[in-house]
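Visitor: Quick one: this structure, given as structure tokens, is what I'll be asking you about.
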Amino acid sequence: MSRVLQMVEESSYLTIAKVAAITLVAIPVGLSIQRYFWRRDLRQKVWQRQTECQVAFKKLNDDLNSLNFDQEKLQAICDLPTSELKEGLQSGKYSALEVLAAYQTKAQNVTKRLNCVTEPILEAEADAKSLDEDTEKEGLLHGIPVSLKENYQLKGYDCTMGLVNLIGKLWEDDAVLIKVLKRQGAIPFVRTNIPQIMMTYECSNPIYGRTDNPFDASRTPGGSTGGEAALIAAGGSLIGFGSDIGGSIRVPSHFCGCYGLKTTLGRFSRKGTTSLSQGQTLVSGTIGPMARDLDGLVLATKAILCDYMYELDRSIPPLSFRDEIFQSKRPLKIGYYVNDGYLQSVPACQRAVMMAKTALEAQGHTVISFDPPDVPWMWTELYMKTVAGDGCRTFLEALQKDIPDDCVHMLLFSSKVPRWLIWCLKAIIGISTQDPVQTQSMTSLKGCRSVYEWWQQAKAVEAYKDKFLKKWSDLGLDGVICPVLACVAVPHGSVSSLLGAGTYSMLYNVLNYPAGSLPLTKVTSEDVQQLENYPDRRFFEKNIKKASEGSIGLPVNVQCVSLPFQEELVLRVMKEIETGLKSMGDH
Ligand SMILES: CCCCCC/C=C\CCCCCCCC(=O)NCCO
């Protein structure tokens, strides 16, 4: 009897063991199969999208060939500065259609080299033809082709932000800014590349691939408005539009040597632009123009600040472009710095700021030293903790069922490390990076734990804004000039190991001050030689120094900042610097 019981017992153990073994094998196998089919579907979506883009480029090419324009004339059109092109279009010397053909041809050639355009906007030709029938030519941007970052909603197109899952989700209406551009006679003609989820200074995603820097293909054009910057700098567009929550207009402009303006939140309508950060309203992303020359940047800003925008978006204060501020001859008092108290900028960036200082002084302005307060703390406790306020949940959810690009891997990894583990590893990370601020930034990626903590966060941001403004006001400043970033364009794939270099830009997102990016000079061999004296104790410093090797010839921009809603003053400072340099024979 006991033998029988023993056998029954043994066989039930055997059954349990078998079921357990089968389950242990079946679950991972099942999951792998599911994962295989899921990834196959995603890859198929990417392939379909890429094919659609190739077809669109092919159609554009056929259309251009059938128009049969003189190629030399088209190239000459692309060489014109904004003011001359505008005049030529207004006077009828050039038709909107030939100018469009010129830029379509150029953009196609540029993107073959740099991969900066995601797709052409095929409706552009019809837009140009109808503009050519218009005898009034009233729009401020009459006949000027403009390029758009991929996150601007355009009727009949999707905004993927580099996420495969968003392919094919077509928008039914244009963004407000696009409607305004069209009303002003501009012709949206291409869409430009971005990094996946748009939260880094690189420019690659699994759908459209990687964009290269026009000055050095081994380097990134910056991000997230990297495709725009590369296209504009390489001559494939005159005016474009981007967005910026931590430098995304200013940094790519600096990496590629074009002009950019991050506006104050509320100056331009953002309705119809896509971003994953829209629920986060403490440090908000804003939008703004980018251009090949300063006239283009000013013209684009003027064109957007028109009655039609205020009609379309009643939440925007009707504050048209104030020419009296832009044209004013009043002497200015400007603050400057080359070291923000966290990471020293490289010699080339320092030299650019000093050049701007000299130019402003030559124009009769006063330039004094200014130290922005508590930048390391601002970076970890205000910027990082706010933009990652939900513990990166929104970003992670978007990436979870997608194909993560290399450019987000490091941030993805850092944001997944549990809070307790960061605390346990703090000492080790601190020793390896030699930088407690950097360690703290990892904790900040965990965001706020409660609504209470979020309210405290809001209070802290407001208190910092007050402190900064008091310092600014006590000195009676009109503006500030400083580096855009601690370094110049860096090699592909290196951004996550030098993210701290971005404090120079992120500060003005926390403050919500308008800020311009002005190309001033190129890295010289002396700049590179002087890197010998650049500190290299901390992790970020080491990486900045390494990334700056071989940087001779890369563009260097200067950041020009003013108080909220003073975009005209930012543009004026940029103009004063350019004029000053020209008068000194330096530009
Ligand atoms: C899983 C990814 C987590 C990302 C968390 C990001 C937190 C901090 C990184 C800051 C990087 C700032 C880059 C800013 C880019 C920008 O301005 N984008 C504009 C979007 O419209």
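Backbone N, Cα and C define each Cβ position, glycine as well.
Pasting the relevant annotations from TrEMBL:
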ACT_SITE  Lys149  active site, charge relay system
ACT_SITE  Ser224  active site, charge relay system
ACT_SITE  Ser248  active site, acyl-ester intermediate
BINDING   Met198, Ser224, Ile245, Gly246, Gly247, Ser248  substrate binding site
DOMAIN    98-571  domain 'Amidase'
TRANSMEM  12-33  transmembrane segment
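Would you situate these features in the structure and describe their surroundings?
Guide: Sequence-distant neighbours of Lys149 (active site, charge relay system) (same chain, six or more apart, CB under 8 Å from its CB) are Arg191, Thr192, Ile194, Ser224, Thr225, Gly227, Glu228, Gly240, Phe241, Gly242, Ser243, listed in sequence order.
The Cβ of Ser224 (active site, charge relay system) has 35 neighbouring Cβ atoms from other residues within 10 Å, across all protein chains displayed.
Remark: Ser248 (active site, acyl-ester intermediate) has Met198, Tyr201, Gly223, Ser224, Thr225, Gly242, Gly285 as non-local neighbours, by Cβ distance under 8 Å and separation of at least 6 in sequence.
For Met198 (substrate binding site), the number of other Cβ atoms no farther than 10 Å from its own Cβ, over all displayed protein chains, is 29.
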Visitor: Other residues with Cβ within 8 Å of the Cβ centroid of Met198, Ser224, Ile245, Gly246, Gly247, Ser248 at the substrate site?
Guide: Met199, Thr200, Tyr201, Gly223, Thr225, Ser243, Asp244, Ile249, Val251, Gly285
Visitor: Return the residues near Ile245 (substrate binding site) by Cβ distance under 8 Å, restricted to its own chain and a separation of at least 6 in sequence.
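Guide: Correct list: Met199, Ser275, Ser277, Val283, Ser284, Gly285, Thr286, Val387, Asn509.
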Visitor: Could you tell me which three-state DSSP class Ser248 (active site, acyl-ester intermediate) falls into?
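Guide: Where Ser248 (active site, acyl-ester intermediate) sits, the three-state DSSP reduction gives coil.
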Visitor: What is the number of other Cβ atoms found within 10 Å of the Cβ of Gly247 (substrate binding site)?
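Guide: So the Cβ neighbour count for Gly247 (substrate binding site) comes to 31.
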Visitor: Looking only at the domain 'Amidase' (98-571), what is the model's average confidence as pLDDT?
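Guide: A mean pLDDT of 97 is what the predicted model shows over the domain 'Amidase' (98-571).
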Visitor: What number of additional C-beta atoms lies within 10 angstroms of the C-beta atom of Gly246 (substrate binding site)?
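Guide: Result for Gly246 (substrate binding site): 28 other Cβ atoms within 10 Å.
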